[in-house]
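Below: the structure, in structure tokens.
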Amino acid sequence: MQQRVFVLPRQQSLLLPAVLNPFVHDAKFSKADKIKCLLLGLILVPVRCLLLLIIVMVMWPIAAIATFLHPVKGDTEPMAGWRRFLCQSVMRRLGLVFFFLMGFRVSVKGQRVTGEMAPILAVAPHSGYFDAIVCLVAGLPSTVSRMENLAAPVFGRFLRCLQPVLVSRLDPDSRKNTILEIERRATSGGRWPQVLIFPEGTCTNRSCLITFKQGAFIPGVPVQPVLLRYPNRLDTVTWTWQGPKAKTLLFQTLSQLFTNVEIEFLPPHIPTEEEKATPGLFANAVRDVMAKALCVPVTDHTYEDCRLMISAGELTLPMETGLVEFTKISRKLNLKWDNVQKELQNFASIANSCKGGHIGIEEFARFLKIPISTPLQELFSLFDRNGDGTIDFREYVIGVTVLCMPSNTEETIKMAFQLFDTDDDQRITEEEFSSVMRSSLGVADLDVSNLFSEIDTDSSGCISYAEFQAFANARPEYGKLFTTYLELQRFQALQEAEPNDTAFNNRISPDTTQEDSASDKKDD
């Protein structure tokens, strides 16, 4: 049988992002850089640590006085009078001295507007704990912080000076309450300090801007974008999910003669009526403005991708395997976190025998317990979106969700069961099963005993419809394999009917467009 030539249309919005992994930082230090860092560190680190300790000892009692008996939870009011002076004047200046002693040289571009003009400051990209310097330059605005941070020794008291919007992991209503509090402060008419938010929600390597969380944009008030840049030859500030540890970065930074940081205040973004009604649209508009000013691309990665990275590592896969742009994939394909996590476990059961976290056709065939055949090759090509001969986790999730599950309907399962049940006695024997599988896959000496045993869960020697249906629902790849086989049969019949019609040699299977039609239906 002549094999078809596939021309598979792929929906652009499901293609790979411009930056595959924004959560990895490869610190490139030459041997000379390491020697220089070590020698300077022997002198600079002890001196700077001593000076920083002195500054902290001065700052702590001032912070304690400014926040004494002032509540940080519940129905709080903004600091006023002498408390506000101590926090926003004295503490701010001491904080700038603290970073100066660490070696930071700050340059500021643009102009920060007042809270009446832009109640919220959106800062990006977020790449590490040194980004806290923007709070000092911006006049010590309020921030969003975990409630647990208030209990941190010394720095918990400093955090109180900011009157942060607190998030609690233990409170199921925390997200809703946080958004309500941000909205209350943003619409206070300038009574509260501006609220500073890192809308990315996690640290990246600054190679792109990932998805902005919507909390800063739900109030529908003007937002002033703030850009962070670190124009240094050596990057000692980027703290991501894969890269140097915090202590290493601190030592490397203190060992530099100076570390440059640029903070740029862009003009406030005033939302349109459409953006006020749709926070996601508002967030994307602000992100696009910031990405253009930074000359970097945008991606749809989120914190959930970091969670998948950790899960991939726990499953002994390369950590970057879990990066699928979760927010976009889950929205377009109507997937929940648990669905994607389950598919990652299924993928790991196939890919752990390979190197690099990709599935080749040999592993795919081994997973399905069938030999490599034309139907299997065609099914594999539908999964392999970029045509590189392997399937990564992103391709696997899309393939199972868009290709296999729609094919795995009740009608398809019943049709497949009837095909195997040659004597129509409502059960499939191993002989019937082997006969049909040999015919469909074109393999005369096919051994399917392992696959048959997997479906025959009660070890009765026959497969009931309930067992067949349960297996098909658990392994939707077989539903697509079956429809691919039927399509090949139709294609072969058409070729035999019109052998001289060369147009059929380049015919595209109706099934091959299923991905895009199904995905389009789920598109927002």
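Glycine too: its Cβ is placed from the backbone N, Cα and C atoms.
Whatever TrEMBL says is automated annotation, not expert-curated.
The annotation transmembrane segment is assigned in TrEMBL to 37-70.
Helix, strand and coil counts from DSSP across the domain 'EF-hand' (371-406) read 24 helix, 1 strand, 11 coil. The feature domain 'EF-hand' is assigned by TrEMBL to 371-406 (among others).
Sequence annotations record features per position, and here TrEMBL assigns domain 'EF-hand' to 408-443 (among others). The domain 'EF-hand' (408-443): residue composition by secondary structure is 23 helix, 2 strand, 11 coil, according to DSSP.
Residues 368-370, 379, 400, 404-405, 407-408, 413, 416-417, 420, 426-430, 433-434, 437 of the same chain lie 6 or more positions beyond the ends of the domain 'EF-hand' (447-478) yet place their CB under 8 Å from a CB of it. Among the features that TrEMBL reports, domain 'EF-hand' is placed at 447-478 (among others).
The region 'Disordered' annotation in TrEMBL covers 499-524.
Here TrEMBL flags 502-516 as compositional bias 'Polar residues'.
Taking the domain 'EF-hand' (371-406) as a whole, pLDDT averages 82 in the prediction. Listed by sequence, the residues of this chain that lie at least six past the ends of the domain 'EF-hand' (408-443) yet keep a Cβ under 8 A from its Cβ atoms are 370-371, 373-376, 449, 451-452, 461-465, 468-469, 472-473, 476, 478-480, 482-483, 485.
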